[in-house]
Amino acid sequence: MINDTIAAITTAMGAASVGIIRISGSEASEIADKVFRSKKGRSLKEKKTYTITYGHVVDEEGKVVDEALALVMWGPHSFTGENVVELQCHGGMVILRKVLELVIRAGARLAEPGEFSKRAFLNGRLDLSQAEAIMDMINAMTEEGAQAAVSNLQGGLSNIIKEYRKQILEIMAYLEADIDFPEEDFTRLTPGELGLRISQIADGIHDLLQTFRSGRILREGLKTVLIGKPNVGKSSLLNALLKVKRAIVTDIPGTTRDVIEEYYNLGGIPLVLMDTAGIRETEDIVEKIGMEKTREAVEEADLILYVLDIVHGITEDDEAFIRRYPNDKIIILANKIDLLKEEFSEEKIRERVAPYRVHFVSAKEEIGLKELEEEIKGVFFENGFNLSDKILLNNVRHKEALERAKRALESAHRGVEDNLPSDFISIDLRSSWEHLGEITGETLEEDIIDQIFSQFCLGK
Ligand code: GDP
Ligand code: ZN
């Protein structure tokens with residue numbers, strides 16, 4: 001039943017200067033009229049869409065609860081596609097809750113998490129990937145992440161998916177004709193043309209899948225661990241990178257107590273920095289990499305920043321540790337170069353740990369940190385960091401659906417090569433078309449759709 005009228009507080013909880021109660025559904029204006037009095041006492045129903053009316057929220061006895069603005073947006077041209085009234089109140093959770101309570105008593109039902117977006121989806125105002133982009137935008141850690149979400153919200157991904165689905169349908173139409181009228185004379189696709197068309201779509205999907213790593217990092221952050229022997233300067237580096245003295249730095253090993261996790265905006269890439277040293281500095285973590293917590297963090301990390309003290313050089317322990325991990329996952333930070341008085345050969349050190357990357361830094365003097373940032377960007381966003389022209393896949397659900405679609409296309413392609421009858425190929429194409437439709441929500445089961453929206457937050 002989607003005809004009932006729902007309401008919720010749609011602004012962030014906590015101290016804000018304005019709070020908004022959104023009411024959506026066929027009874028939105030009737031319900032709003034019961035709790036909102038405009039100055040002239042006229043019904044909101046008479047207002048043109050997208051107009052704002054000044055007035056007061058009043059309770060059943062007519063007592064003024066708050067001063068408010070009422071914004072009306074009549075369906076179908078509203079966010080949900082239904083009649084919507086938004087009451088902009090003076091904020092303060094107590095007042096907002098009170099207003100919401102009045103709205104509920106006037107006949108609205110409290111919206112479930114994600115229910116406004118779900119209605120927008122059901123009413124065709126947004127497709128599923130666009131609705132999901134709203135969530136991403138809210139949760140984005142950096143401006144660049146939000147920008148990527150905006151391009152998905154504007155239909156970047158959906159448009160590509162729609163185009164592929166259209167192309168698949170076209171190929172299917174050729175095949176259907178072949179199945180239905182095998183004797184007739186009409187333009188057929190040669191097996192070569194058929195194979196080419198299918199592989200072009202598969203290649204496009206492949207390219208899209210390649211953007212997932214960057215997209216996920218932008219969405220969830222680049223999981224980075226700082227690791228190295230005690231006292232090499234891990235906490236100092238963490239602080240230098242964060243430019244906030246949060247971890248305690250001392251000369252005595254073993255003073256950083258807890259696992260320290262910090263968010264750090266590296267030119268648009270959200271870095272989730274973990275100082276594993278915080279786990280237990282009294283033990284030599286490099287030797288005791290068997291320690292579960294540390295190992296977990298290291299295994300899960302996208303990037304390992306392996307710190308060593310250049311005054312002591314690279315030990316065998318260091319090398320043994322480093323060589324356990326692939327070189328695209330690890331950057332060696334040779335720290336404390338400010339202490340090196342005499343000349344030293346960077347080249348020699350580089351050669352020794354090749355093909356691993358080494359950066360010569362000083363946490364104390366803040367040397368080499370800018371270059372480190374550039375290096376990290378280079379490793380994880382090879383093609384630079386221009387988001388405006390690029391769709392970045394950032395959602396596991398989308399990625400998995402694309403993988404299934406690609407597999408089905410590959411199977412169709414093999415079918416063409418093996419000269420299988422058209423209806424076999426058609427089945428694979430159809431399956432691919434359906435998997436693509438899961439992304440925009442066109443071919444998803446209702447309960448799965450419900451589940452996706454239930455992960456949204458309240459009021460969205
Ligand atoms: P951790 O055990 O690896 O976390 O090491 P800390 O960050 O606690 O640093 C250990 C000691 O090394 C402290 O006395 C720091 O001040 C010092 N230290 C860290 N980085 C540098 C650096 O780049 N240059 C110098 N001269 N000292 C540093
Ligand atoms: Zn430390």
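Each residue, glycine too, has its Cβ placed from N, Cα and C.
According to TrEMBL:
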{"type": "BINDING", "residues": "R22, E86, R125, K460", "note": "(6S)-5-formyl-5,6,7,8-tetrahydrofolate binding site"}
{"type": "DOMAIN", "residues": "221-381", "note": "domain 'TrmE-type G'"}
{"type": "BINDING", "residues": "231-236, 250-256, 275-278", "note": "GTP binding site"}
{"type": "BINDING", "residues": "N231, T250, I252, T255", "note": "K(+) binding site"}
{"type": "BINDING", "residues": "S235, T256", "note": "Mg(2+) binding site"}
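On the backbone, the CA of K234 (GTP binding site) and the CA of R22 ((6S)-5-formyl-5,6,7,8-tetrahydrofolate binding site) stand 48 Å apart. Taking the mean position of the Cβ atoms of R22, E86, R125, K460 as the (6S)-5-formyl-5,6,7,8-tetrahydrofolate site, the remaining same-chain residues with a Cβ inside 8 Å of that point are T10, S24, S78, F79, T80, V84, F116, S117, A120.
Rounded to a whole number, the distance between the Cα atoms of N231 (GTP binding site) and E86 ((6S)-5-formyl-5,6,7,8-tetrahydrofolate binding site) is 57 Å. Neighbour density for R125 ((6S)-5-formyl-5,6,7,8-tetrahydrofolate binding site): within 10 A of its CB lie 19 other CB atoms from the protein chains shown.
For the binding-site residues N231, S235, counting C-beta atoms within 10 A of each C-beta gives the highest total at S235. Using CA atoms as reference points, the binding-site residues R22, R125, K460 were checked against N231 (GTP binding site), and the closest is K460. Proximity of the binding-site residues R22, R125, K234, K460 to ligand 1, judged by a Cβ distance under 6 angstroms to any of its atoms, singles out K234 in sequence order. Among the binding-site residues R22, E86, R125, N231, K234, S235, the residues whose Cβ sits under 6 Å from any atom of ligand 2 are K234, S235.
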